[in-house]
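Heads up: the structure comes next, in structure tokens.
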């Protein structure tokens, strides 16, 4: 009988939402600040140093100072951070939009590399940070940290925030780099959250080989079940909208259904104790591949922009909040020795940098080994950018830190305070200092971004209209579609599976999936598709089938 | 120092949003039900009897039965209705979209009639219901109702819900009728909420002439201040977007700013203790007249559909909830005599019908007196439709009833139970029974809807392309624009002010407003404008100024 509890839970809403004028005041302030962030972010768009995240953080900090002063040094926040508010309302639109906008072709072509960086890399990073923290913090005295705490610290600081870097890189100028940084960012978010939940749910007092194996098994179960759920909900939405042909009566119904089903995929995953973040990401991918092509033109434009805007507002909201929260006196006060806190933060920052270096360069070497063509290799300069892109820590780290503090309970105030203050310091420092350095660094490392030749010179021929999807170095792929690949070297051997899988997937998609679930079908290019930004003039009506699909 | 309280208020969020699996269950169920409503509503689109509201109500009822059975007869609800959840999150998008979509030309041309129906009519209706209830309920014994309670009952049951009727009427077939029913619905919502708040805030123990005069003064202050705030925020958004030219960098920023500023107008009004509903309505009108024309094409499509969809989902949510809530045992149990409850509900339904008849027919007569041309008269059949359109009671009545119950406190359980159960009965009965009868009734009364001749026959000439805006009987208006109107009869005398005001407004708009705030400017027609639905082929590039604007 879960419904009795439910009524009780929601009855709290009633006491919460009573017409309290104070909550109207803070709601006003928050919405006004969001508007200010948007306007100022727009004005600073062409600024060399700033970006949207830093703007929101700085505005949050300034507001925090004002509130602190108004309240007589008591508190700097308008609302207490709730990690569930974050995980239930703010994160889903961000991740869904990531899946909806990801260049599927690039993503799946680099699938293995992205997975290496995102999953194995995060594990390596988490291990390095955990071990480093265990070793370094042993001498300091801030409560007794056990192995679970150290692993949690590892998971918290393994969660990267690549927003800063993505605002500087461009999908069309550096498609490979963009797709690697973007893909890794999404997979990293998912991995660190799954990892963190796994660490919290296991009994870590006695670890043995069987439990470790069980953990790995559970990790893979979570990963595959979440993915399948996302794909299932996405396909269901495509099927329903295609079968019932909603556009016939109302654009708004299509849009509402897409939005609600996307959100449904996330909360269904939460219902089954899966990873909502992975589910909603794959739901986004499937929706942009099938559902999005089944709706009317207006719905396409609307969904594309609305999902992007929701994601953008949620991100701004988070940074605004983190900035405001940074000055909160109550957490800083408990932590009586600021020198300790500063040292802990510095150590963590160093560990973050080391942990990331420990996997970016070795894994890039491995990825380069598996590439057929040398033009697809990740150069050393690009490796530095990938390394740099993951140094910033953001909202996910904050949310996980708060979750860990909740778990520990109010009794262990000292440990909590260290955890929160050091997380805030690392997030603030990395976002502002590293963030400001990102634009100049990338300008130095990539002075003349490689423009894909196909985009500039061959854009007028129908065949090449699909080239931007295929990436800059994909010349041999489509031509060889019919011929069987014979692996002749270790590179070929490593590269073949991805290409073969992709080829079979395309055949399967055309033969079985599209007739049922709709999707792009035989139109070579859809202008304004959610994954495209600048190829608005490349519409060609030829229904040449083989070089069409980008999934 | 309001910030201390604020922190305390929002700290409740923390306890509320703890990862409670039960709340995830109900969230899932709610989102799934919303999806079901959309799909079923789509399938029943062409059904003769049903509409979206009834579908949502019936699905809510069925779910309520299942939950009641699952919980062993304890409760039928997933979440306790919070009138602040309704007023802060669900109502603003509905009203904003109403303002955004209203045909401004029609609305302002019929401004006086609409205001008569919406404001004076609601006052008459409220008075009739209050007096009737005072007279009829004196003999029954369900706690002591004082004059404040009777006035509250009047305000609660004066709030109409014209959604059912608007789903059947068409803006292009019957423009006058549509604009009257639509405009009255919006003004009525605002009036009854303002009225209710006024009744609650006054000390009604001793009423004298001075207090009554003061009340009327306060009512007008609320009305004008709220309107001005809405216009101000709308103009501010137009100015900011025009000056900074957001489209240059990002469509999403424009959209985010429009959405946030629309919501800001609502909560700013709440902050200053004004009527948010009026503010957001006029903000919507100003935004659709100025701001909407300053943004990029994609933003236009996106905002138009997103606002409509949000409004649609909020409406569905409300009806779903009302259906689920109807069976809630706890309120029915306190009310031990079901016969009393039934009698009260029947009396209230009769009073609602009488109260509406008491103003629709007299005010229609007055409106007909003031019309220049007989073709703009409201025929008796149309009067019946207007009367019928306001018989349904919906979400606003429910929300006001809950608010009244909160005000009374938990001590007066008997009085509360009667109030809630009778409101639920009236809402359910009127929405389902009257709602089902709406489509057939309108088919009988308007067997061949007047198609405006200008739409069909003259659509190919540039001049007539603006005719749909002007309404079917507006032939003499534009031609006489330059000539001075000399009032020659009582009709002319009554009709002149509106036309003159409109003419001066257009001149003022062209000379001063548009250069500053943007807006449509000199383009005769913008296809797909939020107020237009079916004239997609009428784009004419002539910049003929005088017959252009529709404000």
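Placed from the backbone N, Cα and C atoms, the Cβ positions cover glycine too.
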*Given A:154-174, A:175-195, A:196-216, A:385-405, which one carries TrEMBL's transmembrane segment label?*
A:385-405
_Touch test for the transmembrane segment (A:385-405) and the transmembrane segment (A:219-241), at least 3 Cβ pairs under 8 Å_ = no
*asked:* Counting a contact as 3 or more Cβ pairs under 8 Å, with residues at least 6 apart in sequence, do the transmembrane segment (A:112-138) and the transmembrane segment (A:22-41) touch?
replied: no
*Using a Cβ-Cβ cut-off of under 8 Å, list the residues of the same chain that are 6+ residues beyond the ends of the transmembrane segment (A:53-72) and lie near it.*
29, 33, 36-37, 40-41, 44, 78, 161, 163-164, 167, 315-316, 319-329, 394, 428, 431-432, 435-436
*Remote residues contacting the transmembrane segment (A:219-241) - C-beta distance under 8 A, at least 6 residues beyond either end*: 194-195, 198, 254, 257-258, 261-262, 264-265, 268-269, 272, 274-287, 290-291, 294-295, 516-519
_So if I exclude everything within five residues of the ends of the transmembrane segment (A:342-365), which remaining residues of that chain have a CB under 8 angstroms from its CBs? That is, six or more out._
113, 116-117, 120-121, 124-129, 132-133, 136-137, 140, 142, 153, 157-158, 160, 378, 382-383, 386-387, 390-391, 393, 418, 421-422, 425-426, 429-430
